[in-house]
Amino acid sequence: MASQTGAIVQSSLDALLEDKEFLSNLQNELREQAFTSLAAILSTPNHVHKSFLRVPLENGEVVRIPAFRIQHNNTLGPYKGGIRFHEMVNEEEVTNLAALMTLKNALHEVPFGGGKGGVIINPRKFSEKELLLICQKYVQYFSDVLGPDKDIPAPDVGTGDREMDWMMAEYKSIHPGKPYRGSFTGKSVLNGGSLGRREATGKGVYYTLRYMLYDFLKEQKKWLSDSGNIFAKTALAFEDDPLKIAVQGFGNVGSVAALEAYQCNHLQNKIVAVSDRNVTLYNSDGLDVPALVEYTASNNGDLPVTDEQLIEADVKAEIRDRNDVLYLDVDVMILAALEDVIHNENVEKVKAKIIVEGANAPVTGEADKSLNEKGVIIIPDILANAGGVIVSYFEWLQGRETQFYSEQEVFELLFNKMKSTMNMIFPQYFGDPFPLRQNCYIHAVMKLSTTLYRQGKLY
Ligand code: GLU
């Protein structure tokens, strides 16, 4: 497990070992032993599956493409997590992302374990026919270890509903007569997917911010002011002013979060910057987010990069370097691209007071520590971006029942689930000296530890 996740799991276990009320039946040597078992279980994946997919390209060449499925932990249910198509995929990254899924599901009481898949390709360099073959090969190579009650993949960076539809179809052909609807989530609605799944991650990301700065803050204002907590001070500072927000990444997560923020009547937001792999667009008066969403929809997902393209999009903005988005003087920065974007070398340049992690692991351990010391609120990935897997769970349920929920029902269920997690975590966060990430990990590790203990697995 990569350092940041592993280190926080270990410090959560250390805190729980000291808390004598937690697993109070376990004392002295037995307690030490159980905690050593927990550390071993949570720091290593149960299974690492690796293959080289043999794929014939349209030009006649046959390539071998490295692919992974890593199953971290299934204490709480079948393994669950996305499949990433990206050039930078590697075993260590996928292992860490699988562990994050275990923690994310435990935190939100989703009855799944954690897994993750990866294929080392740049999907933009393959034709549609080649991508279909890659998806089919992936399922063929890993078909024994996947399934609705074993391991349920979903989209991640570089994949979407099209890939999940192809993969489910391949699973169905390999296992005729077996239940198949719950074998993949994040499918298209036409093919058994859930309404609202596409928007779920981005909506959830914005919802965590809104819930903290609007609902929770309004209700707990007196208590927050009296608490003297450094993070409570940061939150209270935004009470009446319109929020200046920057969004890094304008894909499925960033664009939906930006649109939610733009349309939110509770907070008077201004989206002053958005970025993608090519560019940052900046406007201190606020960007026209709906116009940008419309533009990207018909331009291969890319934001405008020239003055002519801005005119075409009917958007007023300054064109800046793609990394500028990270260092703007804003209140909130939503990180919705890839991991490790804020690290030791650039953390000093970050001016945002609140960071919301739409992507998985966008802030490194060292950067996280230095931002927390300054009182920056970081709403961590396992709390903020769980909307995707939560609605994946609803999709899996709907597939089993073959009864489908309306979009409104899906979002109500989603927000209620995220709200109950936040109501459990926020009072502690604003009352004690632990960062929000640590608080979330402690809850997730508690859930996993109690279940493992009840199942007699801590020997
Ligand atoms: N890839 C998403 C995540 O990292 C969704 C996973 C899922 O729906 O299973 O949370």
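Cβ from N, Cα, C; glycine included.
Automatic prediction, not curation, is the source of TrEMBL annotations.
Per TrEMBL, the feature substrate binding site maps to Lys80, Lys104, Ser392. The active site, proton donor annotation in TrEMBL covers Lys116. Positions annotated as site 'Important for catalysis' by TrEMBL: Asp156. Taken from TrEMBL, the feature NAD(+) binding site covers Thr201, Asn252.
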Item checked: Lys80, Lys104, Ser392 excluded, remaining Cβ within 8 Å of their centroid (substrate) -> Gly81, Met101, Asn105, Val110, Phe112, Gly114, Ala154, Ala386, Gly388, Val389, Ile390, Tyr393
Note to self: Quiz question: given the binding-site residues Thr201, Asn252, Ser392, which has the greatest number of C-beta atoms lying within 10 angstroms of its own C-beta?
What the structure shows: Ser392
Checklist line | Coarse DSSP state, helix versus strand versus coil, of Ser392 (substrate binding site) | finding: helix
Check: Quick one: what's DSSP say for Lys80 (substrate binding site), helix, strand or coil?
Finding: strand
Next item on the list: Would you mind reading off the Cα separation of Thr201 (NAD(+) binding site) from Ser392 (substrate binding site), to the nearest angstrom?
Entry: 10
Checklist line | Structural state of Lys116 (active site, proton donor), classified by DSSP into three states | finding: strand
Checklist line | Under 8 Å by Cβ from the residue listed as 'active site, proton donor', counting only residues of that chain that are 6 or more apart | finding: Phe68, Arg69, Ile70, His72, Gly81, Gly82, Ile83, Arg84, Val94, Thr95, Leu97, Ala98, Met101, Asp156
Item checked: Cα-to-Cα gap, Lys104 (substrate binding site) vs Asn252 (NAD(+) binding site), nearest whole Å -> 19
